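Reading through the structure tokens given below for one structure.
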Amino acid sequence: MAASASASALQAERCLLVGVGAGPRRHRLPLRMPPPLHAPPALLLLPHRRRRRWPPAVRASPGEGGGGGGGGGGGGGLAGALEKRPVMSALTVVVMNMRVLEIGVVAWSLATAIIPAVAGFMPGLVLSRILVGIGEGVSPSAATDLIARSIPVQERSRAVAVVFGGLSFGSVLGLLFAPPIIQNLGWESVFYIFGLLGIIWCLGFQSLKEQQLRGNEDIQVIQDLGQSPSGSSDLISSSVSPKSSESSLGELMNSLKDVPWREFFKSKAVWAMIYAHFCGSWGHYTCLSWLPTFFSEELDLNLTEAAWVSVLPPLGSMIITSIAAPFADNLISNGVDTTKVRKICQTIAFLSPATFMMLSSVDLGVPPWEIVAFLTSGLALSSFALSGLYCTHQDISREYASILLGITNTVGAVPGIVGVALTGYLLDTTHSWSISLFAPSIFFYLTGTAVWLAFASSEPQEFSKSEPESS
């Protein structure tokens, strides 16, 4: 439930700002759409992901500073999360990840709830967005670490799909329920409600954690008696350990020093994940930020129609994810090499949107609803990445999965700032959707596919820290 309410809050923000699009074309805000995006119910409130942020700034005319400002205003929350992710992800390896997840959800839930109170006070508003960025920066990595340590590889795709699929579900809920809530209770109520949902989730999660800790103690008693139960008790112990929850600050700092950062960047597989995450995020953020404007301007849909069309990609993602995850797990269970499965899924996730964007960027003389169907299908099929890239961090290292996600997620946040702004600038300069929106995304999808097929690997890697050479 946690990821869903945060994704829903993003939709609420978008609903509040949708009326701005009624002005002249060059001063219109891109109508926001949620990440499909990014712990099972927790990420129902979190946009992965991703990453709730205000809609990009208005595309300025050349005399007002150029279109480059088109996305600059959207980077506040992203920038806050971006610079915190690698270090915050490292914390999840040392401090009990359930506790980190709770802290993250509490942080951005409270930060969301106080937005109405600080809306007219810029420093307070900026602080709230920073808190949202910090809270969201740790949540996906904490969830990833829990999956890596407690879910076997044959079930990993479904676990990731359930966790990160909450983002799409939350986006759909937000688009459906935010407008009537705003209409009947006022815009402030949306932020109060979604903040409260996060706190309620934390209370329920605390109860669940205590139950698991008690169960873990029972397992330990059985093991001490020499009656080790069959199954994955070792995995449970590694993810739910009272000792890990009591890590001191000194242990935390020492553990951060022990993280083999240099070894990460010596791995071709890690670099493949970094570039793939960047490429996927470029297409994701730029398309989902600007497609509603494209629907409105290029396909002559009115604002209401464009807003309703925006629910289709996350809805399609939910459907595709429910198919892709069992497909990947079944292949692995039947003996297909894990690396091959991850490459197949990620290739589908990249080539599908690239193909449909190519079809949408040329004049085929098809009606608008077919263009909408093309783009919706492509973006929905990109959810195969949850069984590709998003499982690979855990495949190659259970111990450092959360940090690896933090690294790739940091790079993946850059297109949300740079790509959205660049799209606005190119659109003002060229007046071409094909050049400004589709061509860059197609380029990154194709090059991302090539790099992924060449260098990606799901083989477990030992990232032992290199000893300094003695003089």
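For all residues, glycine too, the Cβ spot is worked out from N, Cα and C.
Annotation comment: Swiss-Prot describes 63-76 as compositional bias 'Gly residues'.
What Swiss-Prot records for 228-247 is compositional bias 'Low complexity'.
Among the features that Swiss-Prot reports, region 'Disordered' is placed at 56-76 (among others).
Annotation source Swiss-Prot lists region 'Disordered' at 226-247 (among others).
Swiss-Prot lists 1-59 with the feature transit peptide.
Sequence annotations record features per position, and here Swiss-Prot assigns transmembrane segment to 62-82 (among others).
Per Swiss-Prot, transmembrane segment is recorded for 103-123 (among others), and the stated evidence type is sequence analysis.
Look at Swiss-Prot and you will find 162-182 (among others) tagged as transmembrane segment, backed by sequence analysis.
Residues or ranges marked as transmembrane segment by Swiss-Prot on the basis of sequence analysis: 185-205 (among others).
Long-range Cβ contacts of the transmembrane segment (270-290) within its own chain (Cβ-Cβ under 8 Å, at least 6 residues beyond either end) map to 30, 32-37, 55-56, 71, 74, 264, 313, 346, 349-350, 353-354, 357, 375, 379, 382, 385, 389, 392-393, 396, 404, 407-409, 411-416, 419-420, 423-424, 427, 437, 440-441, 444-445, 447-448, 451-452, 454-457. Residues annotated as transmembrane segment in Swiss-Prot, with sequence analysis given as evidence: 270-290 (among others).
Look at Swiss-Prot and you will find 307-327 (among others) tagged as transmembrane segment.
According to Swiss-Prot, the feature transmembrane segment maps to 348-368 (among others), an assignment based on sequence analysis.
If you look up Swiss-Prot, you'll see 371-391 (among others) marked as transmembrane segment.
Residues annotated as transmembrane segment in Swiss-Prot: 403-423 (among others).
Taken from Swiss-Prot, the feature transmembrane segment applies to 435-455 (among others), supported by sequence analysis.
Taking Cβ pairs closer than 8 Å, the transmembrane segment (435-455) reaches residues 268-269, 271-272, 275-276, 278-280, 282-283, 286-287, 290-291, 294, 343, 346-347, 350-351, 353-354, 357-358, 360-361, 388-389, 419, 422-424, 426-427, 429 in its own chain, all 6 or more past its ends. Counting same-chain residues at least six beyond the ends of the transmembrane segment (371-391), those with a Cβ under 8 angstroms from any Cβ of the stretch are 36, 156-157, 160-161, 164-165, 168, 273, 276-277, 280, 283-284, 287-288, 291, 295, 299, 309, 312-313, 316-317, 319-321, 324-325, 327-329, 341-350, 352-357, 359-360, 405, 408, 452, 458.
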